[in-house]
Amino acid sequence: MPLPWSLALPLLLSWVAGGFGNAASARHHGLLASARQPGVCHYGTKLACCYGWRRNSKGVCEATCEPGCKFGECVGPNKCRCFPGYTGKTCSQDVNECGMKPRPCQHRCVNTHGSYKCFCLSGHMLMPDATCVNSRTCAMINCQYSCEDTEEGPQCLCPSSGLRLAPNGRDCLDIDECASGKVICPYNRRCVNTFGSYYCKCHIGFELQYISGRYDCIDINECTMDSHTCSHHANCFNTQGSFKCKCKQGYKGNGLRCSAIPENSVKEVLRAPGTIKDRIKKLLAHKNSMKKKAKIKNVTPEPTRTPTPKVNLQPFNYEEIVSRGGNSHGGKKGNEEKMKEGLEDEKREEKALKNDIEERSLRGDVFFPKVNEAGEFGLILVQRKALTSKLEHKDLNISVDCSFNHGICDWKQDREDDFDWNPADRDNAIGFYMAVPALAGHKKDIGRLKLLLPDLQPQSNFCLLFDYRLAGDKVGKLRVFVKNSNNALAWEKTTSEDEKWKTGKIQLYQGTDATKSIIFEAERGKGKTGEIAVDGVLLVSGLCPDSLLSVDD
């Protein structure tokens, strides 16, 4: 049965309302979904892009930036997100990464547009983390010994603390511990430098022995071990670290070579080399020329009395001179050869002496009469036989030869000085003189050589003449002291115009003050070449001449 209209109308209205309600519900649900997207805003019942946003071709709201983001992207209304290396509101400014802290590069940084570049110093290479590592290795620099790779690069090493790196950074140089004074050896030992180290060794003339539970340097007795080089006609005396030689009675020489004094010889003929003989002649000729050029005479005294002889057989007193053997620890064969050679030289010298005496006496050279002719000045000369004589002092020009190798005077080395004077061969290979080499001692060190004149009280004036030489730059000073009650400095020389031998003079005036000795003192300078030398020492009666001729003239 059909429903009545009155009943059907309400049902129709409710159905229509239900249908529209469902559509509105669906439409509301879509708006809510759209409202959750960025840049979507709800305007009443409508959904639209927010301010600063606009719908793109895909129907999605996207932000807008004015005037835009040059090197970046717009992430909000007028809000830019810049790409790395750029900054600013519109991302148009470059970032200087090299000025940032910490610096992005280890060595060198160069800024670029929107980025930067790192560079390494020479000898290094760039790593991915912008650090620099040394590109050189130990195999590339060729060290002398060992090498170590470090952060700064390969480093050459020396195997000992006694070595140091050379300026080239590869080789090792020795450190001289002895010269630097970094080490001090025990008593009686000397420092010997080696490559990379050093050791302490006994001084020459000593040997290492184990005594009383410890090692010590003990003196070698060269005399008992027959390792000395003294002449067969000399006595050997052992000293600490060395030995001394002294000619036996009846012989003369330096102890290493001794020759017999002839029985019939004229007392101590002047045996100086030609330069000294010539100088004596010139000096005497000069003095006699002041006396109306009188001729030089050789006076042969008449025997009248027998004086008490005083024997002084040492032309150079080597009791204070150490004659060091070159091979103190053995080598008898070498020493025997030296002794044999010395003995042959002595025989030849002895024979030459006899012939020379006869020749000189006939030729009229200046010589010493066989008398105690030192009466004028108290000096006793050598006498092997008791002789009688009578002198007329006014007729004598007395000259005493105090040269080192054949003179008649006593010379001694000072024990309290810093170094000894050393014999040095003359240029003509005849005889020797005394010298101080530039390498002897240190700066300001003193070496003294004494000429002994016991009880010299001149009854007339005497002149001391000597040859000297100061060779080398800043080699030192030479002084001469006359030792008496005053010990006065009589002569001094510090420099020389050239390296030639020159002649010095000191006047010994008549008086009551006894002259005990004359001291030649050498003071070392800072020079490393040359020498200080003395030769041809003479005592001549009378006043010193006003002018002297050079030995080299």
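Glycine is no exception: its Cβ is also placed from the backbone N, Cα and C atoms.
Marked as signal peptide by Swiss-Prot: 1-21.
Each residue in the domain 'EGF-like 1' (65-91) gets a DSSP state, and the totals come to 0 helix, 11 strand, 16 coil. Annotated domain 'EGF-like 1' per Swiss-Prot: 65-91, in sequence order, evidence recorded as sequence analysis.
According to Swiss-Prot, the disulfide bond annotation covers CYS98-CYS109 (among others), on the basis of sequence analysis. Around CYS109 (disulfide bond), the same-chain residues six or more apart in sequence whose CB sits under 8 Å from its CB are GLU97, CYS98, ARG103, TYR116, LYS117, CYS118, PHE119, listed in sequence order. In the three-state DSSP assignment, the secondary structure recorded for CYS109 (disulfide bond) is strand.
Taking all protein chains in view, 19 other C-beta atoms sit within 10 angstroms of the C-beta of CYS105 (disulfide bond). The disulfide bond annotation in Swiss-Prot covers CYS105-CYS118 (among others).
The disulfide bond annotation in Swiss-Prot covers CYS120-CYS132 (among others). The secondary structure of CYS120 (disulfide bond), as reduced to three states from DSSP, is coil rather than helix or strand.
Under the heading domain 'EGF-like 4', Swiss-Prot lists 174-212. Cβ atoms under 8 Å from those of the domain 'EGF-like 4' (174-212) belong to residues 158-160, 162-164, 218-220, 222, 240-243, 324, 328-329 of the same chain, restricted to positions at least 6 beyond its ends.
The disulfide bond annotation in Swiss-Prot covers CYS178-CYS191 (among others). In the three-state DSSP scheme, CYS178 (disulfide bond) is classed as helix.
Annotated disulfide bond per Swiss-Prot: CYS185-CYS200 (among others), in sequence order, evidence recorded as sequence analysis. Annotation note: CYS200 (disulfide bond) sits in a strand segment as assigned by DSSP.
Sequence-distant neighbours of CYS236 (disulfide bond) (same chain, 6+ apart, CB under 8 A from its CB) are GLU222, CYS223, HIS228, CYS230, PHE243, LYS244, CYS245. Per Swiss-Prot, the feature disulfide bond maps to CYS223-CYS236 (among others).
The local packing around CYS230 (disulfide bond), expressed as other Cβ atoms within 10 Å of its Cβ over all shown chains, amounts to 27. Following the DSSP three-state reduction, the secondary structure of CYS230 (disulfide bond) is coil. Under the heading disulfide bond, Swiss-Prot lists CYS230-CYS245 (among others), citing sequence analysis as support.
Summarising the annotation, Swiss-Prot assigns disulfide bond to CYS247-CYS258 (among others). In three-state terms derived from DSSP, CYS258 (disulfide bond) belongs to an extended strand segment.
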Practice prompt. List, in sequence order, those disulfide-bonded residues among CYS120, CYS191, CYS258 whose Cα sits within 10 Å of the Cα of CYS200 (disulfide bond).
Written response: CYS191
Worksheet item: Going along the chain, which residues six or more apart from CYS178 (disulfide bond) have their CB under 8 A from its CB?
Response: CYS191, VAL192, ASN193, TYR198
Worksheet, complete the sentence: CYS247 (disulfide bond) to CYS120 (disulfide bond), Cα to Cα, whole Å, comes out at 83
Worksheet item: Which residues in the same chain, at least 6 apart in sequence, have a Cβ under 8 Å from the Cβ of CYS120 (disulfide bond)?
Response: GLN106, HIS107, ARG108, LEU126, CYS132
Item to complete: List the Cα distance (Å, whole number) between CYS258 (disulfide bond) and CYS185 (disulfide bond).
Response: 39
